[in-house]
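> My structure is below; once you've seen it, I'll send some questions.
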Amino acid sequence: MEKGTRHRNNTEKNHPGGSESQEADSGGGGVALKKEIGLVSGCAIIVGNIIGSGIFVSPKGVLENAGSVGLALIIWIVTGLITVVGALCYAELGVTIPKSGGDYSYVKDIFGGLAGFLRLWIAVLVIYPTNQAVIALTFSNYVLQPLFPTCFPPESGLRLLAALCLLLLTWINCSSVRWATRVQDVFTAGKLLALGLIIIMGVVQICKGQYFWLEPKNAFDNFQEPNIGLIALAFLQGSFAYGGWNFLNYVTEELVDPHKNLPRAIFISIPLVTFVYVFANVAYVTAMSPQELLASNAVAVTFGEKLLGVMAWIMPISVALSTFGGVNGSLFTSSRAVGPVNCLGPGCMWRREMNMGPWLCAWLFFAGAREGHLPSVLAMIHVKRCTPIPALLFTCISTLLMLVTGDIYTLINYVGFINYLFYGVTVAGQIVLRWKKPDINRPIKVNLLFPIIYLLFWAFLLVFSLWSEPVVCGIGLAIMVTGVPVYFLGIYWQHKPRCFNKFIELLTLVSQKICVVVYPKGAEDLKMEDRNQDMEQQQPICQPPASKDKDAVGP
């Protein structure tokens, strides 16, 4: 399938800035990533990727399902603690299996090609499109809500504006890497301004004695009967705001002293994010009653109207800027291949700290194409612009489809359930790896109690979420299961008819000519290197020896 494709011969020649993050290997001609990410940069990566649109949309969903202010705040704190546990488990896996692709590579190496493919399948069809749809709908909510002060904006208007936002940003990302990164840099200030205003105004309110809903007797006054299934959904809503916690282990090769700085960065940054989230929610309830918060689809707008008076316009503009940048970052994140990352040029280090998406999920499309789990055209980049146009178009179309499938909180439950499903599978793989390969080199080794705690919480969340929202969660499971026949027909079946292979080659060439894209040279070198390594590992760690799956990797 790949011999009919064209490859970029000299990416570095055309984009010399891309070599700044590399240095010659002492072994003669090879390249290796410099260890230039310190503790502060590692913390910036985690904080910059977690804090986004979630804190402006999830508070309503958490409070609605928790049933009281006090329980909602506890859920925000517990979600932060569980996030720390999960991040530590991923840190161990990241340095034990140092391969591109993140949890896709971990699941594939430990459980085999089918499990890895299902992780990739659900990521490209559900997780990335749904995340982008939620952020785009949050953007349209905050833009339109001030225009409809006495009612909710029309659903058709919300979806239309969200679609226009997606189309505009897809065009920007297709046109220029530089434009896309500049959009990201500028709009990052929006979320910092909005959150800073919210927390400062909350502190002012508390100093004025406006903390009625924070007093214990009022905080735990339930406005609905407690329900274990709804509490599980509240955790799903909160977990959406913490998305991005697993990003730093994608760059362990670039961390200075990773076995020390990776856990330190986790222990510093995630509690910091938890502090910000809890105090933002505290600020909300100093200005609004639970009923007022639940009646608003744009809680930060209502908060601004309550406290900022004639300056209330600052809040919707700040959040709209933040979420607009969030859509851009999500598109940039979910579509990147290794080529565009190297083409960022001078200053890319700062961009990676503020928004690691371009550097991290860059590897997912490439890793999937490298293993034959995705069409190779999705990992290709434009010959001059170094933008992954096929992946961007695929991501945009799948996100537009998500915009018509449900409301924003249903989408959050949907993506939260699927995300946690594979988080748990990945952490379970850590225990399997401890059992099957106890003597493997582990620069970071956490106490086995951490994955056990995470899996207990994972089981609680999945079981009661499925019980509470069987249709939403069931649809996610059904989409995942559809990947099984695709895997066996498209990947496991090796001896396909020659006419089918010729058709795929022709389709790839036509796509290349339409989009003017090629496979990046650096990615091809890594592809061959990883394939040579995989030749030495024929079976996944816990797959029966009789399996014929060529993609399974293990001892």
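Each Cβ is built from the backbone N, Cα and C atoms, and glycine gets one as well.
Predicted automatically and left uncurated, TrEMBL annotations should be read as such.
Copying in the features that TrEMBL gives for the protein in this structure:
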| type | residues | note |
| --- | --- | --- |
| REGION | 1-28 | region 'Disordered' |
| COMPBIAS | 1-15 | compositional bias 'Basic and acidic residues' |
| TRANSMEM | 37-57 | transmembrane segment |
| TRANSMEM | 69-95 | transmembrane segment |
| TRANSMEM | 116-140 | transmembrane segment |
| TRANSMEM | 160-180 | transmembrane segment |
| TRANSMEM | 192-214 | transmembrane segment |
| TRANSMEM | 226-245 | transmembrane segment |
| TRANSMEM | 266-287 | transmembrane segment |
| TRANSMEM | 307-327 | transmembrane segment |
| TRANSMEM | 389-411 | transmembrane segment |
| TRANSMEM | 417-435 | transmembrane segment |
| TRANSMEM | 447-468 | transmembrane segment |
| TRANSMEM | 474-493 | transmembrane segment |
| REGION | 529-555 | region 'Disordered' |
> Take the transmembrane segment (116-140) and find every residue of the same chain, 6 or more past its ends, with a Cβ under 8 Å from one of its Cβ atoms.
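Distal contacts: 52-53, 56-57, 103-105, 107-109, 153, 157-159, 161-163, 165-166, 240, 243, 319-320, 323-324, 326-327, 330-331, 333-334, 361, 364-365, 368, 371, 373-374, 394-395, 398-399, 401-403, 408, 411-412, 414-415, 418-419, 422, 425, 476, 479-480, 482-484, 486-487, 491, 551.
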> Run the contact check on the transmembrane segment (37-57) against the transmembrane segment (417-435): 3 or more C-beta pairs under 8 Å, excluding pairs closer than 6 in sequence.
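Contact between the transmembrane segment (37-57) and the transmembrane segment (417-435): absent.
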> Taking contact to mean three or more C-beta pairs under 8 angstroms, with sequence separation of 6 or more, is the transmembrane segment (69-95) in contact with the transmembrane segment (474-493)?
no
> Taking residues 6+ outside the transmembrane segment (266-287), which of them lie with a CB under 8 Å of any CB in it?
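Here the qualifying positions are 39, 42-43, 46-47, 50-51, 55, 59, 62, 69, 72-73, 76-77, 79-81, 83-84, 87-88, 91, 195, 198-199, 201-203, 205-206, 210-211, 213-214, 241-242, 245, 248, 293, 299, 303, 306-307.
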> Determine whether the transmembrane segment (192-214) and the transmembrane segment (307-327) share at least three Cβ pairs under 8 Å, counting only pairs 6 or more apart in sequence.
yes
> Quick one: find which recorded stretch in 307-327, 389-411, 417-435 has the most Cβ pairs under 8 Å with the transmembrane segment (226-245).
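Checked against 307-327, 389-411, 417-435; highest Cβ contact count belongs to 417-435.
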> Any residues 6+ beyond the ends of the transmembrane segment (389-411) with a Cβ under 8 Å from its own?
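Result: 57, 60-61, 64, 124-125, 128-130, 132-134, 136-138, 141, 155, 159, 162-163, 166-167, 170, 173-174, 237, 331, 334-337, 365, 377-382, 472, 511, 515-517.
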